[in-house]
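Trainee: Take this structure, written in structure tokens, and hold onto it; I'll ask about it next.
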Amino acid sequence: MAVTFSDLHTEEGVKSVEEHLAGKTYISGDQLSVDDVKVYAAVPVKPSDAFPNASKWYESVASQLAKSFPGKAVGVQFGGSAAAAPAVEAEAPAAAADDDDDMDLFGDETEEEKKAAEEREAAKKDTKKPKESGKSSVLMDVKPWDDETDMKKLEEAVRGVEMPGLFWGASKLVPVGYGIKKLTIMFTIVDDLVSPDNLIEDFLTSEPNNEYIQSCDIVAFNKI
């Protein structure tokens, strides 16, 4: 039976993962599965020690994924989620104190001093601003040439495309008509690393995969 999680960027969402993992190693049992990758992609940062099950699971999934991508990583941070709000709020008093340092109590601030203060403020904002690298969930239709196309081999060709930042998810065969079926498949991407258009043009509909795949259409595209 499918498990439903929501708002995994919030403490409440992570709590639901924590409770689900009680007595389990991974989302769907004792082995890593596509379910773990999908949930991992939706959790922006490692859960705190307040959620020991979720924290241990997150580290385990990260370790398994690292083995699949042996290239040297420089580290990526994800910004813009509600989970990051406390850290930003914690910095606010310090910023206010810095603002006080720039005040001229006697009203004698010159244009040069004012410009210098503005430059310092801009530099502080640039330092605090995290570099964002968002994730997206994509639903795609993959169409065969005809009813004689081996759909098992077609799906193997699709899932055989591997690259950093690309995570294949659940799939199903959907009847189109005249005995033809299409493959509907979900996948998650790191936006800075993978372009759906390039994935389709350079890998899925080019040789050798075009032996089975006629065309691909993006059905849904949602930011995580």
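Placed from the backbone N, Cα and C atoms, the Cβ positions cover glycine too.
So Swiss-Prot lists these for the protein:
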type	residues	note
MOD_RES	Ala2	N-acetylalanine
DOMAIN	14-65	domain 'GST C-terminal'
REGION	89-139	region 'Disordered'
COMPBIAS	97-111	compositional bias 'Acidic residues'
COMPBIAS	112-134	compositional bias 'Basic and acidic residues'
Trainee: Is Ala2 (N-acetylalanine) helix, strand or coil when read with DSSP?
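Mentor: Going by the DSSP assignment, Ala2 (N-acetylalanine) belongs to neither helix nor strand, so it counts as coil.
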Trainee: Tell me the Cβ contacts of Ala2 (N-acetylalanine) under 8 Å, same chain only and six or more apart in sequence, or just say none.
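Mentor: Result: none.
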Trainee: Calculate the per-residue pLDDT averaged over the domain 'GST C-terminal' (14-65) and state the result as an integer.
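Mentor: The predicted confidence over the domain 'GST C-terminal' (14-65), as a mean pLDDT, is 87.
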